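Enquirer: First, the structure itself, so that you have it in front of you.
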Amino acid sequence: MQRVREKMEREIMTQPNPYKRKVRVCVATCNRADYSKLAPIMFGIKSHPDDFELEVVVLGSHLIDDYGNTFRLIEQDDFDIGSKLHTIVRGEDEAAMVESVGLALVKLPDVLQRLRPDILVIHGDRFDALALATAAALMNIRILHVEGGEISGTIDDSIRHAISKLAHYHACCTPRAEQYLIAMCEDHSRILLAGCPSYDKLLSTHHKDNYMDIIKSWLGADVQDHDYIVALQHPVTTDIQHSIKIYGLMLDALVSFNKRTLILFPNIDAGSKEMVRVMRKKGIEQHPNFQAVKHIPFEQFIQLVCHAGCMIGNSSCGVREAGAFGTPVVNLGTRQTGRETGENVLHVRDADTHNKIYHALELQFGKRYPCCKIYGDGSAVPRILKFLRTIDLDEPLQKTFCFPPVKDSFSQDIDYILETQSALSIDLGGTNLRVAIVCMKGKIVKKYTQANPKTYEDRMQLILKMCFDALRDAVGLNCRVLGVGVSTGGRVNPQDGLVLHSTKLIQEWSSVDLRTPISDALHLPVWVDNDGNCAALAEKKFGHGKGVENFVTVITGTGIGGGIIHHNELVHGSTFCAAELGHIMVSLEGPECSCGSRGCIEAYASGMALQREAKRLHDEDLLKVEGMDMKLSEPITAAHLITAARLGNSKADAVLHKASTALGVGIINILHTVNPSLVILSGVLASYYQSSVQRIVSERALFSVQCVKVTTSDLEDPALLGAASMVLDYATRRTY
């Protein structure tokens, strides 16, 4: 009986709780633009039926034929629309906007009373959304506002901030927006730094094999990739006449520029009717270079923006989504003046002449820029769903404000969304290819290692695969990856992310652009530098060089390399050849070096040089001594030479003495040239050389530098940590 009772209790515990309360979430969408941001959230809510119950309300321009009847897209996405509210008063002027808000306020109470949602999700800065927020706040319905705290320009800012003051919770896109909300006295514990929900779909679907089919379906069979323009200009409601003038100048410039152009109709704001009249008066709809459309499905619009030669207008898409593709943008007028933008955006704020806009098109068309993810990293929806689950529906509804002083923090302290700022680090060695997730404190959270392929194609394919694996794991490890750092052998141009000349150990690795393919695939900023320079950067951020203004790092491994930090900055030189420390010549008649010269430090003191000498002694039967264990099949390495010397082999000891002396003399040359206050030896041979080099410096250097300390690195993976430090130092100076 006891066993039966225990079995029944276990079965009850494993069954779903029929009394668990689902969160009733109502998502209200007003137009094609806000649906592209809200749809990913709606899909996320719908995919968790045990936690949420979704209601959809459609209003605004979704239901107007002139704007494409875009509510059908929502139905095609298999969402049940609970209510359709015709709230737009036609007229497209200021009075019609006000009347539309009033009409929405008349119709919304019945709908909200019937649906009784726990939470209403609204987006952005449209006048329809203001009506939604006003009705919900007065009816004691909790509001989650998506994309609050941003600055763009025109009346949109006032509407957006008004909605933020009415909203109980906020899901914002950037750290700056979060800080603005905090400065507006919003409770930081109710603010989620999520990123833009549209990026979840955008970053995962914009690279499609059939993108040319989509482009040709909208622009014609003869159009080429990156050889067309996407134009989208909306009215500026605070200066309608000026925005209409800019629209006409833009159309004139596009006609003169003579490129195939996809132009979308403006939104329903006051002034849009006049803009359409201007377009028709200029014959744009009949012009052979133009294709004028009212609406494009978001998935197809992504492809069109991604592969455009340029985007022009004042749409938020140009300053937000286009940056993720590196698409060049010409932003006209003041509508997006306050937005955070990537380097792909060229502003023409005073677009007062046709020539000025035409010249901006000349400067931008056909360029490609690094991917910029200011507004999202593709994981916004999971964060928002997690945030929704944590909302306590029993807590007091009355909103409270946090008045100054503002909390001095860039992120809220909510443990369920607390993420570790991290870097994706890549180290390209002669033997292995390594990728690691490295957190801000220099801890390697997870590391991946594969044999380095012999060909360029296989190598790039493996790099991207390992990076995708790491990014996927980073979400589960609660790490937010800010960018990618790459450490590689050879001469590197870090400004352009190019490997100019490789070492002999890495084949097919010269004149290689690393930044572009990695950035395009991962949608992250990418930094690239030589492995010796990366070792110096690692010491500067995490090791003995922290806080030291001038120091040198010398890598003693298979080869000899290093990096120079002078006045807290890495020295690259005029042709990116600085700090080739292994090729400092210490003898005119020394052994031949891998660089083709003779007498370099590397020819004496590198692991390859010691291995060469060990093989020579072994071939002459002069290496093995009593007490030394060597298997016949074992390859001869530098380790055998060191072991033999420690066991009293005078020949081996003489080789190592010469190697130590060569390295010490080379470091003295460095001390006499750049006068650092510290020398850090890194690599597998560092601990062996340290005392000998310190002694040689104290005996042979000028008196003024004899006291310079020579120490060994404590860092486990300086190349990986140095690559990560480029990201962690520079990405945190950017926005998101």
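Positions of Cβ are set from backbone N, Cα and C atoms, glycine also.
Heads up, TrEMBL stuff is auto-annotated, nobody curated it.
Below, the features straight out of TrEMBL:
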type: ACT_SITE; residues: D531; note: active site
type: BINDING; residues: H583, C593, C595, C600; note: Zn(2+) binding site
type: DOMAIN; residues: 50-388; note: domain 'UDP-N-acetylglucosamine 2-epimerase'
Enquirer: Report the residues of the chain - excluding H583, C593, C595, C600 - with C-beta within 8 Å of the mean position of the site's C-beta atoms, for the recorded Zn(2+) site, in sequence order.
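Expert: Apart from H583, C593, C595, C600, the close residues are G582, M585, S594, G596, S597, I601, E602, A603.
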Enquirer: Other Cβ atoms within 10 Å is the metric here; tell me which of the binding-site residues C593, C595, C600 scores highest.
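Expert: Of the binding-site residues C593, C595, C600, the most buried by Cβ count within 10 Å is C600.
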Enquirer: Whole-number answer please: how many Å between the C-alpha atoms of C595 (Zn(2+) binding site) and the residue listed as 'active site'?
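Expert: With distance taken Cα to Cα, the residue listed as 'active site' is 17 Å from C595 (Zn(2+) binding site).
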Enquirer: Which of D531, H583 (the recorded positions) has the most other Cβ atoms within 10 Å?
Expert: D531
Enquirer: Given H583 (Zn(2+) binding site) and D531 (active site), what distance in Å do their CA atoms have, once rounded to a whole number?
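Expert: Roughly 15 Å, rounded to the nearest whole number.
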Enquirer: Check the domain 'UDP-N-acetylglucosamine 2-epimerase' (50-388) for me and report the mean pLDDT.
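Expert: For the domain 'UDP-N-acetylglucosamine 2-epimerase' (50-388), the model's average pLDDT rounds to 90.
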